[in-house]
Amino acid sequence: MSGPSHVPVLLDRVVALLAPPLEREGSVLVDATLGLGGHTEAVLTRFDLARVVGIDRDPEALALAGRRLAPFGDRFTGVHAVYDELPDVLARLGLDAVDAVLFDLGVSSMQLDVRERGFAYAEDAPLDMRMDGSTGPTAADVLNTYAAADLARILREYGEERFARKIAAAVVRERAKEPFTRSGRLVELLYAEIPAPARRTGGHPAKRTFQALRMEVNDELAVLRRAIPAAIDAIGVGGRVVVESYHSLEDRLVKQAFVAASRLDVPEDLPFVPAGHEPALRLVTRGAEKAGPEEIALNPRAASVRLRAIERTSKGAAA
């Protein structure tokens, strides 16, 4: 994010989806990907009776959001954690259930804008890419230690990179001469290995590789796989989980979790649903919602967003 004036993707639609549970007195939203707090600010401004627990693994984002949201006083609580730690966070805060959980996945514009974090490929910077810069392996560690087959798998699965094997082989060859430490050298390698015709389509040639490395460094899919069921379990009756994803693998994972949670627990050919077998959750969005052309023109990042929401209708356990 370039600053507090940044408007999150699909903000109005997200707030509308959150409105039914958050209009209740004493309602609590967990903003599981706080960032600079754009969603939280909108919620606290719109819903006078709501409180927000904001989770972020990035200490810098948490500090900036805390300053931005200070005018709301004790209606906002910031927590340094990864969002799959949601059950522990709620237990520490003494919350048995919440009214809504929001995820806005992927790297924030703020992280892209800080050169030293190494998320962006437009400027030469240390190959870090950790959302929490105090712990875990860096992108340089991945490039310098992973076997060629593992590098190729990451690039293919997380980056959907057609030239994954070629790039992985080049990384292994070049790191034998000198370990990778900076993004500029990796970008040069990608320009050399990706054929010119392919470089002219599909955006910057480094985009897919940098995305794949970021997802690997931060274990994003595994974290999300644990977090979505935890969020569904955390909401009370009438509560909603809302997710914005920007990668096909993320959206597929969210879709599968939502469909499984809202599935009928009876044979498909049964002509009626017996009492007690109704699904405890329902899909709120019809498929994945997308941004319109006007928003995409103002914010190109919105082009890849996929928005889904689910609501708990009874106390029964999720599938």
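Placement of Cβ uses the backbone N, Cα and C atoms for every residue, glycine included.
Here Swiss-Prot flags G37, G38, H39, D56, L90, D104, Q111 as S-adenosyl-L-methionine binding site, drawing on sequence analysis.
Shown here: features listed in Swiss-Prot, placed on the structure.
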| residue | record | Cβ neighbours (10 Å) |
| --- | --- | --- |
| G37 | S-adenosyl-L-methionine binding site | 28 |
| G38 | S-adenosyl-L-methionine binding site | 23 |
| H39 | S-adenosyl-L-methionine binding site | 25 |
| D56 | S-adenosyl-L-methionine binding site | 28 |
| L90 | S-adenosyl-L-methionine binding site | 21 |
| D104 | S-adenosyl-L-methionine binding site | 24 |
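Secondary structure from DSSP puts G37 (S-adenosyl-L-methionine binding site) in coil.
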